[in-house]
Amino acid sequence: MMSGSSPPPPSLPAGSGSFFRGYTKLCKGLAVVLLLVHLVVQLFPSAVTYLALIPARTIPFAWNLITAGYVEQTIPGAIVSIVGLLLFGKLLEPLWGSKELSKFIFIVNFSTSVCVFTTAIVLYYITQLEIYLYTPLSGFYGVLSGLLVGIKQLLPDQELNLFVLKIKAKWIPSLVALISIVVSFFMKDLMSYLPVLLFGIYMSWIYLRYFQKRLETGLKGDPSEDFSFSSFFPEFLRPILDPIASIFHRLLCGRSERSDGRGQTLDASPLPGSDSIEANRRRERGQRALEQRLAEKLAAVRSSESTSQDAADKV
């Protein structure tokens, strides 16, 4: 009985050590890119002019719409982006695959930059303040917030420990957006990050809601109520937001689609019950992935323990 109960205690430090293992090649490669670009900007500050998004210079330097997302101008920003990418990618890539995750990152990064550029131009014409034209805008926060939306979609009921609080994954994007808005009022330096983060959340939701192709069904998007636009807000606001969101839904999905017999009608509205079925499928898929990952970690722990025990016996 004593020998049978001895394995669990060593698994705790091994579990904490697993924080540094299991990252995917794609995310490690992108983390290296973020680090290298950060070092280039630190060593050659003038590189910000060519890599960051400066709305007044975007027309000749159009590549800024892509490169700006990978430019972190501060050390804390680089650390947060690299750690966040590794952790979030570790959850999403096993479920999406490397190809889909890289596609998601590219689309969210580019569309976020386009929205930020357009907003800056509009604000300049409204206010005539040149700060909107010449402030370098950059950062990976748009993609990071988009990855949080992906976690909300796939693992909505997964509880995460945030210091002393336990919060479900489905509320993390909304909480991040709320905290960012509040903090930006007191720390003006963070104001430039706010549009990147908010547009990252919104553009990632649009892609996942309407355009991402689901391999298990062959359909595009996620029509479930649990992933509607109003699901990012408290319950009492949803009756107000749902009619507004339905207008944009018609713009994006107004065309008729053929029924494929998998819960979609001719006008692309889901059959009764199909939303909850799809949501359950996503939860089950995410839960299976988590269980598989935990099983692999437990097997690795037991293997290392048996190896160390064999070595001790030989000694």
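Placed from the backbone N, Cα and C atoms, the Cβ positions cover glycine too.
Predicted automatically and left uncurated, TrEMBL annotations should be read as such.
For reference, TrEMBL has these:
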REGION    257-286  region 'Disordered'
TRANSMEM  30-54  transmembrane segment
TRANSMEM  74-92  transmembrane segment
TRANSMEM  104-125  transmembrane segment
TRANSMEM  131-151  transmembrane segment
TRANSMEM  171-187  transmembrane segment
TRANSMEM  193-211  transmembrane segment
Would you mind listing the long-range same-chain contacts of the transmembrane segment (171-187), meaning Cβ under 8 Å and 6+ residues beyond its ends?
145, 148-149, 151-152, 160, 193-194, 197-198, 201, 232-233
Can you tell me which parts of the same chain pack against the transmembrane segment (193-211), counting only residues 6+ beyond its ends and a CB-CB cutoff under 8 A?
104, 107-108, 111-112, 115-116, 119, 137, 139, 141-150, 153, 173, 176-177, 180-181, 184, 220-223, 227-229, 232, 252-253
State, in range form, which of 74-92, 104-125, 131-151 has the highest count of Cβ pairs under 8 Å to the transmembrane segment (30-54).
131-151
Chain residues outside the transmembrane segment (104-125) and at least six past its termini with a C-beta under 8 angstroms from it
30, 53, 55, 58, 64-66, 68-70, 96, 132-133, 135, 137, 142-143, 146, 150, 195-196, 199-200, 202-204, 207, 212
